[in-house]
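Engineer: Below are the features I grabbed from Swiss-Prot:
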type: ACT_SITE; residues: Lys61; note: active site, proton donor
type: BINDING; residues: Asp10, Lys32, 59-68, Thr119, Arg180, Gln189, 209-210; note: substrate binding site
Amino acid sequence: MTPKLIVALDFDNQDNALQLVEKLDPNHCALKVGSELFTLLGPQFVKELVRREFKVFLDLKFHDIPNTVAKACYSAAELGVWMINVHAIGGLKMLQAARESLKTYGKDRPLLIAVTVLTSFEEGELASVGIRNTLPEQATHLAMLAREAGLDGVVSSAHEVKIIKQKCGENFITVTPGIRLPNNLKDDQSRVMTPQQAIREGSDFLVIGRPITQASNPYEVVSALLRDL
């Protein structure tokens, strides 16, 4: 069974990242590698996590012309990762190209999910980039586009999970960042929820980074989260 908890490796060096990884169990959590760590350490670091039998979510949010995104997704799959993502705003053709690029992997292909609206966005910011929809409307619209393209699910704030499930089906995966513990500040995330709230909303996977990586004892935080989930 795939764990619901995805620990975001929000570190700027390999030593600190691996110190945390060594305390984690691949049966209890997956790991997320984002742009900072991937740019710093590259594919070999991802392969090392896979070698340690962790499910790896490669969070690089590909967004480019369809052919480029297709090749990037194929290259990511070559690393043996469990999940990759693209920006839904890239459009239907880009999403379809990403999906098609993974067909050769058959049942062993990674999950392909689309980013809807970043959880750092606030309501007024959509208008500043020319989008007139509300946040829930835009997230739902992009989720339905991803569903049409044949993707497995989306990255979305927990605030939009219920409506996305209603529109796209219960089996459409929702991966939820912006998860904060009750005693944590929101920092640069605007639309946040606690783990328990997000699970009640229907989130399938919870991405948790700084509440774990910046904790005085991150291992205790992980253990407490696993008990709660």
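Yeah, the Cβs are placed from backbone N, Cα and C, and that goes for glycine too.
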Engineer: Under 8 Å Cβ-Cβ from His63 (substrate binding site), six or more apart in the same chain: what's there?
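Structural biologist: Sequence-distant Cβ neighbours: Val69, Val86, His87, Ile89, Gly90, Met94.
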Engineer: Are there any residues at least 6 positions away along the chain from Leu60 (substrate binding site) with a Cβ closer than 8 Å to its Cβ? List them or say none.
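Structural biologist: Within the chain, Leu60 (substrate binding site) has Cβ neighbours under 8 Å at Gly34, Ser35, Phe38, Ala72, Ala76, Ile84, Asn85.
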Engineer: Need the DSSP three-state call for Pro66 (substrate binding site) to compare against my parser.
Structural biologist: helix
Engineer: Would you kindly give the Cα-Cα distance separating Lys61 (active site, proton donor) and Gly209 (substrate binding site), rounded to the nearest Å?
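Structural biologist: About 17 Å separate the Cα atoms of these two residues.
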Engineer: For Asp10 (substrate binding site) and Lys61 (active site, proton donor), what Cα-Cα distance in Å is obtained after rounding to a whole number?
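Structural biologist: Between the alpha carbons of Asp10 (substrate binding site) and Lys61 (active site, proton donor) there are 16 Å.
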Engineer: Under DSSP, is Thr119 (substrate binding site) helix, strand or coil?
Structural biologist: coil
Engineer: Roughly how many angstrom lie between the C-alpha atoms of Thr119 (substrate binding site) and the residue listed as 'active site, proton donor'?
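Structural biologist: That separation, Cα to Cα, works out to 14 Å.
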Engineer: With every protein chain in view, how many other Cβ atoms are within 10 Å of the Cβ of Thr119 (substrate binding site)?
Structural biologist: 25
Engineer: My understanding is the cutoff is Cβ-Cβ under 8 Å with a sequence separation of 6 or more in the same chain; which residues meet that for Lys61 (active site, proton donor)?
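Structural biologist: When sequence neighbours closer than 6 are ignored, Lys61 (active site, proton donor) has Ser35, Asn85, Val86, His87, Val115 within Cβ distance under 8 Å.
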